Amino acid sequence: MNETPKPIAGTASYLDDRLGAGSFLKRNLRKVFPDHWSFLLGEIALYSFIILLLTGTFLTFWFKPSMQHVIYDGSYQPLVGVGMSEAYASTLHISFEVRGGLLIRQMHHWAALLFVAGMTVHMLRVFFTGAYRKPRELNWIIGVLLLTLALAEGLTGYSLPDDLLSGAGLRITEGVAISIPVVGTYITFFLFGGEYPGEDVISRFYSLHILLIPGILLALISAHMVLMWVQKHTQMPGPGRTEHNVVGAPFYPAFMAKAGAYFLFTFACIAGLGTFAQINPIWLFGPYTPADISAGSQPDWYMGFLEGALRLMPSWEINFLDHTVPLSVLIPALVPMGIIMTGLAVYPFAEQWITGDRREHHLADRPRNAPVRTAIGMSGVTFYGILWLMGANDWISAYFHIGLYETTIIGRFAIFIGPAIAYWVTYRICLGLQRRDQDILSHGVESGVIKRLPHGEYIEVHVPPAEDIAEHMRGKKEIPIVPGDEDKDGIPPKGVRGPIGKLRAKASKFYGTDHVPLDGHGHDGHDEHAAVGASDKPRELH
Amino acid sequence: MIGTGISVNSITARRRRHPLARLAVVALALGLLGGGYAAAAPSDSTADAAVASGKADDVAEGKSLFVAHCASCHGLNAEGTSMAPPLVGVGAASVDFQVSSGRMPAADPAAQVPRKPLAEWVTPEAINQLAAYVQSLGGGPTRPTADMVDPSKGDPAKGGELFRANCIQCHNFVGAGGGLTYGKYAPNLNPATPEQIYEAMITGPQAMPVFNDSIITPEQKRDMIAYITQVRGQTDPGGFGLGRIGPVTEGLVAWIAGISFMSLAAIWITAKKRKRTSK
């Protein structure tokens, strides 16, 4: 029973002798992974990527990346006899004549939407739990690069069928390129091989989409995973969890089963959407001609924030020495993207500079316990969300009967006011949640048992919180503050001198000050109640 | 003087120099010109009215319908008021479009009058009578014949190209409509009958421009109707159409259905049985 059958043992030792895989596997198969549902969100992107590679390969068997003009003669009646590019015709062929072609095309497109959405939710999880902190800053940068590349991969991908909707996106791409001062014209002619739209852009986008960008994505995803593996996953605070251990299940068999199941869930989700929900019906859009444009033209969701920025922007331009700098295109194309991507990339380093925190962090923060970070994050989410919403302002106008101009004007104010309100509201909610934690730790939780005291007063019996929940709450860590007090000679410590240093000291105090310390006695002044943990039996408190 | 002919010979030179002579000559010339034109000019309006209605009865019936349902805004003689435009010259096509789609009589003079269910008195006969009356007022575009709007006689592929070149800027690829400025909008084309689509093109209701027969020929209009009706009638080959409006609803589905489903799956996979603390 305990003996391994010879064919297996023989093969295994043959491979082991040559690859040295045994010790590697022994070390790594037992690797412990912490358990929290939000830790799986990044896997949505990983598995979607695998599905994208597989379905994408299928599509390349029939897709013709050519702008050669052809007359359609396929099975979709309303387009028979219409002139179009070979790319569009071959996409129609995949949709209507290749067996399973439409399903695979739809799965590919849904997987692309989920790929970026999975990355986004994963990134939000990492941000709000502070999992980007030392030693994981570089992996965070890789993540930001992945997200940026995913946008480029999406843009080059949905442009390929050369339909009227994606053509609108291509035209905007051209508009952005040509609006760049001095070199814009050259870049545009280089990209399109001459005057827009030219005859080259589809085949060039095809090379980028199926070769270059996925290659870089694959390499960066591998690096992302290896770094995660080597540095170990962060864990939420809880009983027995420290900065020096990982509490969870071993990779083999427990985590492997979970990850495998989650891949199947992702596959089911994408296959289900591909089967039941029509996506990118290019036959309805028609072939691209630069002369035509449709109402309600939007890019895929992950480009929506750029579309919204373009729609919100007033028509400003600078005319200087017979040259025009179209700010109405340049600013929306570069500024929001710059704010979001650059902001994400520098955040770990900015936070480190402000807090002076050089420690390693393997325990994740609960978002409420870093209220300034959480508020900044929500403010960014609101900024992005308003731009995103405004990308669909014509549908909002048509469906909710609001004038188109009104949506634009509201958006122009909201883009500045919204993030400020979100900051303030989130900050207050975080402090409120911290007070709640403090309250539970010092007063216990309501047990539901109502007791009548001899003198007639009714009270509810409070009991201590469950141990794991209490530990989770006690996992709150202080945020360091750079010392900014002047010494007795009136000289501030190193690092906070000069105007920038003073700003740093101020920011640090603002960022790190703990307004609701866990061991405080709450804000309600009921100091006469002893902490629950002080005695063995449940205390009766009100 | 030269143009007035015989009368010049019969009067003396002295009389010709009379101060009123010039006025008399001008008056005579104008009278001749005007009378001649009146006799020679084609009587458009009456001919159109006859084509549109066939019967003088319809015009009379239409007028009484008009007085009952339309005159409060458009004026007793369709001369228009501060609330609504005059209807002289808008033609039978306009009446049929507005009334058969429920837009008129309007419930509320907003930026744009929406399509709505028909009132009880609005029958095909009543629309005919109203149309005959309005046509009799000053002509205008007449209603298309059944043959002119028959989708089966049009070429949908040609119509699709015209549709994409002329209509989708406002009405969207699939005729889903779209928002316009100041509360106006391009309506969804799905509820529009072939006849209404044709009439909209020749009359240019509300915010819509006129696409007359010199811009888009009647045959081309029929091709466009063929495209619109064929595409809106087709079954979506890819599953639920999601309103067919493209990335906005697709993005919503990816997030609301996709990410929610995946989050629930993650919660389910990582769920632990809670240890019971009491007992």
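Positions of Cβ are set from backbone N, Cα and C atoms, glycine also.
Annotation source TrEMBL lists compositional bias 'Basic and acidic residues' at A:516-542.
Look at TrEMBL and you will find A:11-237 tagged as domain 'Cytochrome b/b6 N-terminal region profile'.
Sorting the region 'Disordered' (A:480-500) by DSSP state (H, G, I as helix; E, B as strand; all else coil) yields 3 helix, 0 strand, 18 coil. Taken from TrEMBL, the feature region 'Disordered' covers A:480-500 (among others).
Summarising the annotation, TrEMBL assigns region 'Disordered' to A:514-542 (among others).
Under 8 Å from some Cβ of the transmembrane segment (A:44-63) lie the Cβ atoms of residues 87, 90-91, 93-94, 98, 101, 104-105, 107-108, 111-112, 114-119, 121-122, 160, 206, 210, 214, 217-218, 221, 225, 262-263, 266-267, 270, all in the same chain and six or more residues away from its ends. Residues or ranges marked as transmembrane segment by TrEMBL: A:44-63 (among others).
TrEMBL lists A:109-128 (among others) with the feature transmembrane segment.
Annotated transmembrane segment per TrEMBL: A:140-160 (among others), in sequence order.
Residues or ranges marked as transmembrane segment by TrEMBL: A:172-193 (among others).
Counting same-chain residues at least six beyond the ends of the transmembrane segment (A:205-230), those with a Cβ under 8 angstroms from any Cβ of the stretch are 28, 31, 46, 49, 52-53, 56, 60, 63, 65, 136, 138-139, 142-143, 145-146, 149-150, 152-153, 156-157, 159-160. The annotation transmembrane segment is assigned in TrEMBL to A:205-230 (among others).
Positions annotated as transmembrane segment by TrEMBL: A:261-279 (among others).
What TrEMBL lists as transmembrane segment is A:329-350 (among others).
Under the heading transmembrane segment, TrEMBL lists A:370-389 (among others). Long-range contacts of the transmembrane segment (A:370-389) within its own chain (CB-CB distance under 8 A, at least 6 residues past either end) are made by residues 124, 127-128, 130, 301, 304-306, 308-309, 312, 336, 339-340, 343, 351, 396, 411, 414-415, 418-427, 430-431, 434, 479, 510-511, 515.
Here the transmembrane segment (A:409-427) has long-range neighbours at 308, 311-312, 314, 371-372, 374-383, 385-387, 389-390, 393, meaning same-chain residues at least 6 beyond its ends whose C-beta is under 8 angstroms from one of its own. As annotated by TrEMBL, transmembrane segment applies to A:409-427 (among others).
For the transmembrane segment (A:261-279), the most Cβ-contacting stretch among A:109-128, A:172-193, A:329-350 is A:109-128 (pairs under 8 Å). Long-range neighbours of the transmembrane segment (A:329-350) within the same chain, counting only residues 6 or more positions beyond its ends whose Cβ lies under 8 Å from a Cβ of the stretch, are 123, 127, 132-134, 137, 140-141, 144, 147-148, 175-176, 179-180, 305-306, 309-310, 312-313, 316, 380, 383-384, 387.
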